[in-house]
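Remarks on the structure that follows.
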Amino acid sequence: MRLLPLSFAYPCYVGHYCCVGRLHRMSMGFIAYSLLYSIAKGDVFGKDQPIILVLLDIPPMLPVLDGVVMELQDCALPLLREVIPTDKVEVGFKDLDAAILVGSMPRKEGMERKDLLKANVAIFKAQGAALEKYAKKTVRVLVVGNPANTNCLIASKSAPSIPKENFSCLTRLDHNRARSQVAMRCGVPADAVKNVIIWGNHSSTQYPDVHHAMVNVHGKEVEAYSAVKDDSWLKGDFISTVQLRGAAVIKARKLSSAMSAAKAICDHMRDWWFGTLDGEFMSMGVYAGGNSYGIPEDLIYSFPVHIKNKSWNIHDGLPVNDFSRAKMDATAAELVEERDTALSFLSQ
């Protein structure tokens, strides 16, 4: 399997065997660095899946990649067949089975939002074109670099021969955060909480929803609202804590989330490869076409999904109350605005 993690403002990909690359400086580099070991030792794509890691970066970073290659070699991992450092797109994207696009242009002080979108449109248009030209048509693409939903949409539109369903963006970190918050509130392990949902954008407008979540308390599954016994917290501080968790990590650590982001990427890709458990769904940013929740179709929007045979389906038919409807629509409106701005740059 062929995988690719990248550096600087570039992505991280996977192929037949698997290829992964590095990222954009500091925290993004930490995400890719944290990913490599988990992927190479079989935690993501299976304990019998040989891996080729393709490390793609800009030319000045190639000496750093050589150090990463040495570390990976020194791990003596039985599944790791080859590590290929490169600064050439045609090498980095060739015959990928999976692509994890971690890097993006970060927002700089004083930068207007439209300028950030314009810079990322250029990056993800180029990456989509590279996927179109060099990757397998069956490649599965995960976009992590922010604004992840809109970046994912641009990459997909720039790779028209690759099915839209093969593109997704990361909201699993938000999903894991929501799950953990409920678990801590109930005094249970995180795996005792299932079916939380992240709706919408990977931004502060996202809607963490536990109306359909269940908590295993002393061996019995209980609805989250009954287990928590604090509706005001679930409709207030819980939501804002998850929405603003990334900013809280930056404030405390002076760097954005890396370890937890890498773990979420691994969770996302493992579920995409091996499927979700019966009776459970996970949150993924996916193409909204044909959804039953009234969300505009030409968006990458986070929904609850279940996965089988490497194909996801939106979990339809969940009842939506007025509280949830307002929040789902608000985050959709933000995504529509982002999309329209980004598409105006894509056509330039």
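Just so you know, glycine gets a Cβ as well, placed from its N, Cα and C.
When Asn146, Asn216, Asn291, Asn309 are compared with the substrate site residues Arg107, Arg113, Arg177 in TrEMBL, the one appearing in that site is Asn146. According to TrEMBL, the residue from Asn120, Asn176 that belongs to the NAD(+) site alongside Asp57, Val144, Gly145, Asn146 is Asn120. Under the three-state DSSP scheme, His202 (active site, proton acceptor) falls in the coil class.
The most densely surrounded of the recorded positions Arg107, Arg113, Arg177, His202 is His202 (count of other Cβ atoms within 10 A of its Cβ). Annotation: Asn120 carries the greatest number of neighbouring Cβ atoms among the binding-site residues Asn120, Asn146 [cut-off 10 Å, Cβ to Cβ]. The Cα of Arg113 (substrate binding site) lies closest to that of Asn146, out of the recorded positions Gly145, Asn146, His202.
Taken residue by residue with DSSP, Val144 (NAD(+) binding site) is part of neither helix nor strand, so it is coil. Cβ-based crowding with a 10 Å cutoff singles out Gly145 as the top-ranked of the binding-site residues Asp57, Gly145. Separating the Cα atoms of Asn146 (NAD(+) binding site) and Arg177 (substrate binding site) is a whole-number distance of 18 Å.
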